[in-house]
Protein chains: 2
Amino acid sequence: MATGTFDIIHPGHGYYLEESKKLGGEAAKLVVVIARDATVRSKKRVPVVNEKQRLEVVKMMKPVDEAYLGSTTDMFKIVEKIKPDIISIGPDQSFDLDKLRGELKKRNLNSEVIKVEGYKKSDLDSSCKIIKKIKKMEFDEKIFKTC
Amino acid sequence: MATGTFDIIHPGHGYYLEESKKLGGEAAKLVVVIARDATVRSKKRVPVVNEKQRLEVVKMMKPVDEAYLGSTTDMFKIVEKIKPDIISIGPDQSFDLDKLRGELKKRNLNSEVIKVEGYKKSDLDSSCKIIKKIKKMEFDEKIFKTC
């Protein structure tokens, strides 16, 4: 199981999803849980793309077998439902791994927690960088008239 | 063969690529040609994401078997190299189909030109709409400090 916001897709997302799938071995099935709009708003920032569209785009990506929206109230709900062998944490995700392992144990969930190492370096390797770049760019206003 | 800029990925890209692959029948191979930065700049607008990263992201999408950067000088160069059975035109692409068919004939290229019908409707169903939305949104400046 991999998780995230996946607001604006960049190669780092692909790397994280590929590596997550590899963790499960050859016949692994990768399930992705997409953070809800309300969760992103409270923990990070207002998402640009809404949860429905973020889910659709993640489903289009090669390593993904299944994808679902998370819960707005309890992040463990979907873990209890899917019971993943492995929960994969992205290189740029700031979960406290030991705390997460403790919370899983408390709920009798036996998922292993593994942090994906390495990072896919690219020019715009986070949704935040893409948003920041767009904010700084100057566009001819005419292009927005047709969209 | 499908073509495009693929600046910021949205569900419409997935729809176009899936439909393009379907046009070729069951064992079809989908080759995608990504417009070069210079071409996008001269025909559309400054691309947000550079050609290398746009290529990487397209390669991560399920229907795509192969993807390449186009030529900056002659769009038919790569058609001559790949010799696709079908060139698929996106629902929102403004090619003059008959003119394109004529140009292919002149070059002894037998690719069939087919326009993908229908359209994947979503909240932000073009890169332009995503850019426009970001331009209008207000973010807490703090979020940009860590990216």
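Glycine is no exception: its Cβ is also placed from the backbone N, Cα and C atoms.
Just so it is clear, the model here is predicted, and its values are computed rather than measured.
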Further ATP ligand in TrEMBL, beside B:T5, B:F6, B:H10, B:P11, B:G12, B:H13, B:Y119, within candidate set B:D92, B:D96, B:D98, B:D140
B:D92
A Cβ under 8 Å from chain A is found, among the binding-site residues B:T5, B:F6, B:H10, B:P11, B:D92, B:Y119, for B:H10, B:P11
Top of the binding-site residues B:H10, B:H13 by count of other CB atoms within 10 A is B:H13
Counting Cβ atoms within 10 Å of each candidate's own Cβ, which of the binding-site residues B:F6, B:Y119 comes out highest?
B:F6
Restricting to the domain 'Cytidyltransferase-like' (B:2-132), what is the model's mean pLDDT?
95
